[in-house]
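Annotation source TrEMBL lists domain 'Myosin motor' at 29-715. Annotation comment: TrEMBL describes 122, 123, 124, 125, 126, 127, 128, 129 as ATP binding site. Among the features that TrEMBL reports, region 'Actin-binding' is placed at 590-612. The domain 'TH1' annotation in TrEMBL covers 855-1029.
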Ligand SMILES: Nc1ncnc2c1ncn2[C@@H]1O[C@H](COP(=O)(O)OP(=O)(O)O)[C@@H](O)[C@H]1O
Ligand SMILES: [Mg+2]
């Protein structure tokens, strides 16, 4: 609520701003006249009004009564935000406003389910109608709603422009003066939603249809129709766009008014009509009637030789016949003749000029007036609350809004002003009844001693007007009914006779010498509560009689225009009783209105008009003082102050102020009365400063030490309120800062994300270009992500060959890393293994170097561990051990030796020592081969296990090469090769191996594969070795 709060630097700043905001509105005068120091001074009262008015503070309270001064300009205080500010807030917590009254009534209606009414009074142009509309808008905006309720709200709001078009007119006092009284009930359901409405209308000023005073206009609708309707419609209605063409529109000589846009208003009215459920046909019928009134005004007569009136304007009759759906000749006849029923006989007599004009105007007024009532009914139908849940039961509470014509005084005042001002007398009386009188009576019943406040009770004037037999209305009626030639003047005489001694009544004859000058002979003067008004009796009888000749009525009864037909009922023709006069009807309807209002809880808005010129910012003190006086505002204030300057029901008082005392805060559990007692005691009030009644606590400001209890209470509660608002605003400030920070962070993050994504896309596009600012980020990111990925997925062992694919720029690095990684794994593997295992692997590596991919049965040997020795010491003959005692046996294995000649297989042991190979048979060493003499080793590439040890032959001791077979041929040969350092001398041959048998002879071993293993001497004298080619064995191994 305080835009500067966040700008102010610290919490002090906020506090200061808030406090100044709270007190600023107090600084201009007082918000409640009850707080006025000099409360008996009218000057002080008006000064306060003036000060506030100057600052556009048009609203001020007198307790719970709202005083409103018409600003005559648009103020920025009716926005939705303003409405929200007043919603559900206690009266004294916000500055005075119409909305506070509206909300207060609404809340009472909801909480207590008691019918409410808001009485808006003030003279013509003081702002009553505007106030009503604003209150209605307030409800439309702030009340809960459903879809169905929306339509009701719309209709409630839209009924206004329609009724104003037909019932308002420009007067000298107000450009949009209500010329009918309106009381509108808004019905609310139990949820507080407006669900329906009903309008009561009071006495429309019909005379305006046929005559307007200078500077005034007829009802708005005529001008709106002519100005706004499309040409086609005007053509159908037989109208011209120019108001000057119509006698009924030219009397006031001001068809155009600067403050009114008839064209715009026409659009609004047309739209409103459809909102309130008018069909196109109904609109057409309605406008036909409006047009027909204009045509009627243009009907002219001339007299014939006998002095009888004849219609001279045939065209108008033609239009009228069409628009009203009546026969042309019938209408012509009815306008110029009258039918009288005397002693059961019908007499038709022609009218003279004057009478015909009178009949024509009477018809125009009747048609318009009845159509207006029809319109109200029609609106009521569309507003009717259809309670689907429990029809027939009254389930809605109502809130009444009374916007009735205000007190008015013109140069020339007639019957209408008499009725209007009488109505205002009645409302003033009601106001007195309900506020001044009842309030004082309440003091009495509470047993409080108080100084009675003198106020002007206008009952005396009301009686003067309405009393039976003696009242002005009674006398008028009597004169109207009297056979013989009663005239307005005879009525005046009767008045003089009957009420001559009344202090509020005066005529030329009754006045003293001095006043007589200001009174014409056909005038009487009433000293109203609001001022003197001089009425001219001319027209009183006619207007009161409201006479329409029977034959015109009959013609209208036959109308084919459905609205007219509805407005003029046949039963009227047959009804012999005299209809009630206008004044009596009005009196009765007012008395019913008073009953309605009395049954509800009232709130008051007293409207004041600041000047007669309808000007903004003009404060006409004389005019205002007059209104303050006659509205009884001073008395109102005095009563408020003299008795209970401040009074509240216990529960409300407690609810409002319980926060001021720790004992009552947050909840008072006991009786409300006791809670209030504790509270006031805590606040330091002396017993004589307040009174506790039956249900109400009251304070006497004049007894209060601080000077003004209300001020004090308000101040205290405001302080509490300030603290509350201060805390609240602090919380909000902190929240908003934090939210702001969060928001900014989020936004920055998003921005960064966007930039990253954008850079990424750009980088992707430029990824194959040399490094440049566009792809820099992308390339780096790719590298980074490759390395990070690698880090997470390095191979865990040497057999794991997986490796992430590097980006092009990292191929070389990747390669190096891969090597490093492998080296590393190998190195760490090597570090971990035992010496035995190392030896084993050394041997395996040698075996691999020798045999891998060269000998078929090598693969089978790979998974088999090489054994240190295949023969334990115990398996070797001790004699052999004896012989070899100086040498350690490094390896021993059983082998088969093939004889050099016959190739006979002989089982032998092969022993390896540090320097020699021994071939041993039992205890005998059959052959010893020093490693130095071992020239090579031959073996086939097939899967056999035969091998040849080649021995140097110059040495005769040597027996030549040895052909052996070992079941562990790979192991055996590897050990021999390693021991003898003959790794490079292992010869793997395909096909055959030649070997020496000693003394230069040669033997040959042929190797082949076959299905059966065979080692035998072949026919060619060779040793034939057939090995089984085991594909499966190889493959199986390879697969591992
Ligand atoms: N609260 C307001 N704000 C602005 N203008 C207003 C306000 N109240 C009244 N007026 C002006 O005064 C004129 C007369 O008010 P209106 O309500 O028609 O008077 P009343 O119904 O009392 O005769 C309105 O047409 C409008 O121009
Ligand atoms: Mg009005």
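Yeah, the Cβs are placed from backbone N, Cα and C, and that goes for glycine too.
Locations of recorded TrEMBL features on the structure.
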residue	record	Cβ contacts under 8 Å, 6 or more apart
122	ATP binding site	68, 128, 406, 407, 606, 607, 608, 609, 627, 631
123	ATP binding site	173, 406, 407, 408, 530, 607, 609, 627
124	ATP binding site	171, 173, 174, 177, 405, 406, 407, 408, 609
125	ATP binding site	70, 173, 174, 177, 406, 609, 614
126	ATP binding site	68, 70, 406, 607, 608, 609, 627
127	ATP binding site	68, 69, 70, 607, 609
129	ATP binding site	164, 168, 176, 178, 403
Tertiary contacts of the region 'Actin-binding' (590-612), as residues 6+ beyond its ends and Cβ separation under 8 Å: 49, 53, 64-72, 98, 101, 104-105, 108, 114-128, 131, 173, 181, 183, 200, 202, 398, 400, 402, 406, 422-423, 426, 430-431, 433-435, 618-620, 623-624, 627-628, 631, 633
Residues flanking the ATP site, with Cβ no more than 8 Å from the Cβ centroid of 122, 123, 124, 125, 126, 127, 128, 129 and excluding those residues themselves: 70, 174, 406, 607, 609
Among 125, 126, 127, 128, 129, the binding-site residues whose C-beta sits under 6 Å from ligand 2: 128, 129
Integer average pLDDT (0 to 100) for the domain 'TH1' (855-1029): 88
Conformational class of residue 128 (ATP binding site) under the three-state DSSP mapping: helix
Structural state census, the region 'Actin-binding' (590-612) (DSSP three-state): 9 helix, 8 strand, 6 coil
